[in-house]
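A.B. asks: From TrEMBL, here are the annotated features:
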type	residues	note
DOMAIN	3-364	domain 'FMN hydroxy acid dehydrogenase'
BINDING	Tyr29, Gln132, Tyr134, Arg169, His259, Arg262	glyoxylate binding site
BINDING	Pro82, Thr83, Ala84, Ser111, Thr160, Lys235, Ser257, Asp290, Gly291, Gly292, Ile293, Arg294, Gly313, Arg314	FMN binding site
ACT_SITE	His259	active site, proton acceptor
Amino acid sequence: MFHKMESITNVMEYEILAKEKLPKMIYDYYASGAEDQWTLQENRNAFSRILFRPRILIDVTNIDTTTSVLGFKVSMPIMVAPTAMQKMAHPEGEYATARATSAAGTIMTLSSWATSSVEEIASTGPGIRFFQLYVLKDRNIVRQLVKRAEKASFKAIALTVDTPRLGRREADIKNRFVLPPHLTLKNFEGLDLGKIDKTDDSGLASYVAGQVDRSLSWKDVKWLQTITHLPILLKGVLTAEDARLAVEAGAAGIIVSNHGARQLDYAPATIMALEEVVKAVQGRIPVFLDGGIRRGTDVFKALALGASGVFIGRPVVFSLAVDGEAGVRKVLQMLHDEFELTMALSGCRSIKEITRSHITTPWDTPRITPRL
């Protein structure tokens, strides 16, 4: 039989196949954004307004895509973002993602709301892994979670800072989204917080309203540093003001993110907010980006604007849905290969050779062409 997987040539194709394969409630949960979904479209569209200034006649025989993230060497500046409840996509869920990410030589971020626990993910074998954290009203649970992540050899905490309340995702409201009954949020299983019940609203929105702490503030970022020695990345920063406060608060890094356009609609595309954040931190801490990465060219553009690396979310769950571990491996491989090709065609042989002058943006001041 003709195997669809063989003919997949880009990341976007997995979303089309995942839509055919997944139940509507589950596909909609992964695919949708907040309200009008303007930011969801803009996360992609904004990349298309950034163009290349490729440099020619450079020996690109050897291209090195390796880089380091918080001191850990990775094969490429492309990492896996935290996405919730991956066993809804595929029975192996986060296990498959962990194995694929490790095989690709890069970093996986495990969601607080994973359907596999930190201990289970550690058991899949070696790999550099970060843990995404939601601060719950019950700080003892937060303390326990962080300690468990440390014990399971997770190397950093990605603290989500853009979700004091869940964004309004209308598909989830219409579908009355609920975690399928055979699954649990494994990190909370023993704490009576493992289930998401059906409500008249989005079940997840009700769960978040009940558990997540709306009072989360900068003092809690300080508190987190007293309970763990792991570096803390702040995920969900979009402004220069907050970037400066993040540095002052002792963050080890920033992830410029609008939560995959699932929180505040009409927030800017992350690639549009990136440079403002990069300029504000003045090189004191690394800045990463997630949101809308679907091509190697997107990765290059983010790095040219000052990002130290990018994270991918939806491409992981859609490829996982279609082809399990092999699907996630293929997405990471395709992005690596496209990125490497973009580097070669732009005249960059290593990550450090990618500069701001390799791209042009709508907000650039017109260049004065030097007279010959």
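In case you wondered, yes, glycine gets a Cβ from its N, Cα and C as well.
Predicted automatically and left uncurated, TrEMBL annotations should be read as such.
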A.B. asks: Please give the average pLDDT for the domain 'FMN hydroxy acid dehydrogenase' (3-364) in this predicted model.
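C.D. replies: Averaging the confidence scores along the domain 'FMN hydroxy acid dehydrogenase' (3-364) gives 95.
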A.B. asks: Compute the C-alpha separation of His259 (glyoxylate binding site) from Ala84 (FMN binding site), stating it in Å without decimals.
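C.D. replies: So the alpha carbons of His259 (glyoxylate binding site) and Ala84 (FMN binding site) sit roughly 12 Å from each other.
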A.B. asks: Given Ile293 (FMN binding site) and Arg169 (glyoxylate binding site), what distance in Å do their CA atoms have, once rounded to a whole number?
C.D. replies: 21
A.B. asks: If you measure Arg262 (glyoxylate binding site) to Gly313 (FMN binding site) at Cα, how many Å is it?
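C.D. replies: On Cα coordinates alone, these residues lie 12 Å apart.
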A.B. asks: I need the nearest neighbour of Gln132 (glyoxylate binding site) among the binding-site residues Ala84, Thr160, Ser257, using C-alpha distances.
C.D. replies: Thr160
A.B. asks: Between Thr160 (FMN binding site) and Tyr134 (glyoxylate binding site), what C-alpha distance do you get in Å?
C.D. replies: 6
A.B. asks: For the binding-site residues listed here, Gln132, Thr160, Ser257, which shows the highest count of neighbouring CB atoms within 10 A?
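C.D. replies: Comparing the binding-site residues Gln132, Thr160, Ser257, the most crowded Cβ belongs to Ser257.
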A.B. asks: Below 8 Å Cβ to Cβ and six or more residues apart, same chain only. Which residues does that give for Gly313 (FMN binding site)?
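C.D. replies: Counting only residues 6 or more apart in sequence, the Cβ neighbours of Gly313 (FMN binding site) under 8 Å are Ala81, Pro82, Thr83, Gly260, Asp290, Gly291.
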A.B. asks: Just name the winner among Ala84, Ile293 (the binding-site residues) by count of other CB atoms within 10 A of its CB.
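C.D. replies: Selected residue: Ile293.
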A.B. asks: Taking the Cβ of Tyr29 (glyoxylate binding site) as reference, which residues of that chain separated by at least 6 in sequence fall under 8 Å from it?
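C.D. replies: Spatial neighbours, sequence-distant, of Tyr29 (glyoxylate binding site): Met85, Met88, Arg169, Ala171, Asp172, Asn175, Phe177, Leu204.
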A.B. asks: Using C-alpha atoms only, work out the spacing between Tyr134 (glyoxylate binding site) and Ala84 (FMN binding site) and round it to an integer in Å.
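C.D. replies: A Cα-Cα distance of 12 Å.
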